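Student: Starting off with a structure, shown below.
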Amino acid sequence: MNPLILASLLFGLGLGTTITFASSHWLLAWMGLEMNTLAIIPLMAQHHHPRAVEATTKYFLTQATGAAMLLFASTTNAWMTGQWDIQQMTHTLPITLITLALALKIGLAPLHSWLPEVLQGLDLTTGLIMSTWQKLAPFALLLQLHPTNSTLVVMFGLASTLVGGWGGLNQTQLRKILAYSSIAHLGWMTLVMHFSPSLTLLTLITYFVMTFPAFLVFKLNSSTTINSLATSWTKAPALTSLTPFILLSLGGLPPLLGFMPKWLILQELTKQELAMVATLAAFAALLSLYFYLRLSYAMALTISPNNVTATSAWRLPSTQITMPLAISTTATLSLLPLAPATIALLTI
């Protein structure tokens, strides 16, 4: 892709998200979401592969549906209450419709089925943008909503943690596993969204920090399936020995960074007298931990060719810049000791 075109598309991505962040009017927020969607579509289809075109089409239809529902709900709210302010919504019907639209846009269960299919058709760089940056604008709007009944949001969160755990168990494609991981983490964020918004933001930032090195490691190794992970030892032995810790951090295993948000969320849910929801979420985390352990086993404890009859792919030396990977890996493995300071910041 031409560098000028790429720069323009990335600028459009940033501008769309910034407009949504800065908006207090539903039409302006909707405009930012549409700019965001239209900017990423050429990035998704740039390789002209039939699978990428299919994924782009699915993503466009899904986002268009969510945007149309959002516009309809905000218009309904303006008709009922006479105002377009995001933070002044009081009527149950438009709030529920907008919550459904934003849940569809970010891929919360049970509106999640498009996300694994779309992510599977993308290259890992665009998939990283899809899993991180594209979540920011809809999440900013969700955090500003004040639903009259938070049960719907809690049910979305609980369903996402369960679906993200169950869905990733039988997958062999790394991008689909990362998609179900994204769904599960979105569920954890949504569970606590209307009890502690600051904790939701902390979980979102932590998820970005952990997902960044996971995508970059798979990109460095040119891996798209579990079996191809077994050839990583010969290419980057030091990184291969560290990658299981990145994956286990995504699973929320102490003493790694991923344990901190899950611990704080379970603590907050218990304070809100939602012990059963906290218990189910903790069990769902065990499901996610299983497929992270499966990836760790395939990458660090097997030698290619393993028990599946296959030939190892020929790999050229990678030209990927390793500094972002090194910084994000260090953060993923060693930021848990900052948890007391983080808790202090949350209580300010």
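Just so you know, glycine gets a Cβ as well, placed from its N, Cα and C.
Automatic prediction, not curation, is the source of TrEMBL annotations.
As the structure is a computational prediction, the values presented were derived from the model and not from experiment.
Quick paste from TrEMBL:
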type: DOMAIN; residues: 23-287; note: domain 'NADH:quinone oxidoreductase/Mrp antiporter transmembrane'
type: DOMAIN; residues: 289-342; note: domain 'NADH dehydrogenase subunit 2 C-terminal'
type: TRANSMEM; residues: 60-80; note: transmembrane segment
type: TRANSMEM; residues: 92-115; note: transmembrane segment
type: TRANSMEM; residues: 151-170; note: transmembrane segment
type: TRANSMEM; residues: 177-195; note: transmembrane segment
type: TRANSMEM; residues: 201-221; note: transmembrane segment
type: TRANSMEM; residues: 233-254; note: transmembrane segment
type: TRANSMEM; residues: 274-293; note: transmembrane segment
Student: Select the range from 60-80, 92-115, 201-221 that forms the most Cβ-Cβ pairs under 8 Å with the transmembrane segment (151-170).
Tutor: 92-115
Student: Using Cβ atoms only, state whether the transmembrane segment (177-195) and the transmembrane segment (274-293) have three or more pairs under 8 Å that are 6 or more apart in sequence.
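Tutor: Contact criterion met.
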Student: List, by number or range, the same-chain residues at least 6 past the transmembrane segment (92-115) whose CB is under 8 A from its CB atoms?
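Tutor: Distant contacts of the transmembrane segment (92-115): 33, 58-59, 62-63, 65-67, 69-70, 72-74, 76-77, 80, 134-135, 138-139, 141-142, 145-149, 152-153, 156-157, 159-160, 162-164, 179, 182-183, 186-187, 190.
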Student: Which bits of the chain, at least 6 residues beyond where the transmembrane segment (233-254) starts or stops, bring a Cβ under 8 A of a Cβ in it?
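Tutor: For the transmembrane segment (233-254), the nonlocal Cβ contacts are 181, 185, 210-211, 213-214, 217, 220-221, 261-263, 285, 288-289, 292-293, 295-296, 299-300, 303, 315, 325, 329, 332-333, 336.
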Student: Take the transmembrane segment (60-80) and find every residue of the same chain, 6 or more past its ends, with a Cβ under 8 Å from one of its Cβ atoms.
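Tutor: Residues 26-27, 30, 33-34, 37, 41, 89, 91, 93-95, 97-98, 100-102, 104-105, 114, 118 contact the transmembrane segment (60-80) from elsewhere in the chain.
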